[in-house]
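Listed in Swiss-Prot for this protein:
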- Gly94, Asn125: anthranilate 1 binding site (BINDING)
- Gly94, 97-98, Thr102, 104-107, 122-130, Ser134: 5-phospho-alpha-D-ribose 1-diphosphate binding site (BINDING)
- Ser106, Glu240: Mg(2+) 1 binding site (BINDING)
- Arg180: anthranilate 2 binding site (BINDING)
- Asp239, Glu240: Mg(2+) 2 binding site (BINDING)
Amino acid sequence: MIKKAIARVVEREDLSQSEMIQVMDQIMSGEATPAQIAAFITALRMKGETVAEIAGAARVMRDRATRIRVGKNVLDLDRDDINIDLETILDVVGTGGDGTNTFNISTTVSFVVAACGVKVAKHGNRSVSSACGSADVVEALGISLEVTPETVENCINEAGIGFLYAPALHGAMKFAIGPRKEIGIRTIFNILGPLTNPAGAPCQVLGVYREELVEKLAHVLKNLGCRRGFVVYGMDGMDEITLTTETRMAEVTPEEVKAWLFKPEDLGFARCTMDDLRGGDAVANAVTVRGILEGEKGPKRDVVLINAAFGLVAAGRAANPAEGVKLAVEALDSGAALAKLEKLKALTNA
């Protein structure tokens, strides 16, 4: 199948979702050769990936991931019988690769949202293009990545937050590692990670590194059964909701995708400069994250609040972003968000 798919994609023909599933099955089972994988993902990048192609690939990755159980059930985005009140779980994640070198905003947001009573399955990896990926800062904060899936499950169930280290839970990705490194360009795999949370998080805030991906990935999330989510791109290049300028956003519900341009002033926040949000290496960013959780004020705290607000809306904890900001402020000022960090640290090192 993959040889035929390469020939078609080279001619700029789109694949159906079922055809993409067949190709990805070959890639992730080890049937496709490294040369075939490299040729296919390069041709796909040159043609441009469609919603159906991305969704098909994401379904295969999800099916082959080590599943993380929350409560009594494995959450599955394909299920029609999800009780959203009992099983709401959120992921706040970016594609990475935006090149802005900010501190780890979505990781900080995860602790804040968890402190507001939302179960968080934070899916992440080491750095792609910055000095510090989410896994790097989590490790620098003293949270162990060398844990079993059962420990991750226990963290989410007991602490309300767990870190899902992508390489440990997506074993079938090993067949694509070599070709990806050797060709050295962005491919479909750069956007699949945030779409393939092993806990099946039905609520999501997803940051992307290109504006044209906002509505495309919003439609992918809808295709995959997302209950509610936001896809965001800061017009300064950030794969987060930014405070330096406007943010292109798309809200996802089972019924529709709605896009708009969000301004920080809409929620009463002052704009800042990119330098105000810059990060450093893992150790420096860990100091920043802990400082915010301990109550330090400033633009870094503000950008966490604004991103947490939309996470709380996505999870149904807040009726609107303004209410979300109030809840996030309380989570930080009360020490509840810091307590989530300490609890997760303790559970992963027990």
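Going from the start of the chain as shown, residues are counted 1 onward.
For all residues, glycine too, the Cβ spot is worked out from N, Cα and C.
What Swiss-Prot annotates, mapped onto the structure for a quick look.
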residue : record                                              : Cβ contacts under 8 Å, 6 or more apart
Gly94   : anthranilate 1 binding site                         : Ser106, Pro194, Leu206, Gly207, Val208, Tyr209, Asp239, Glu240
His123  : 5-phospho-alpha-D-ribose 1-diphosphate binding site : Asp91, Val93, Leu164, Ala166, Gly193, Pro194, Thr196, Asn197, Pro198, Ala199, Ala201
Asn125  : anthranilate 1 binding site                         : Gly96, Gly133, Ser134, Ala135, Tyr165, Ala166, Pro167, Gly193
Arg126  : 5-phospho-alpha-D-ribose 1-diphosphate binding site : Gly133, Ala135, Asp136
Arg180  : anthranilate 2 binding site                         : Ile41, Thr187, Phe189
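In this structure, His123 (5-phospho-alpha-D-ribose 1-diphosphate binding site) is part of a beta strand by DSSP. Counting every protein chain shown, the number of other Cβ atoms lying within 10 Å of the Cβ of Asp239 (Mg(2+) 2 binding site) is 27. Counting Cβ atoms from all protein chains shown, Glu240 (Mg(2+) 1 binding site) has 27 others lying within 10 Å of its own Cβ. A helical conformation is recorded for Ser106 (5-phospho-alpha-D-ribose 1-diphosphate binding site) in the three-state DSSP classification.
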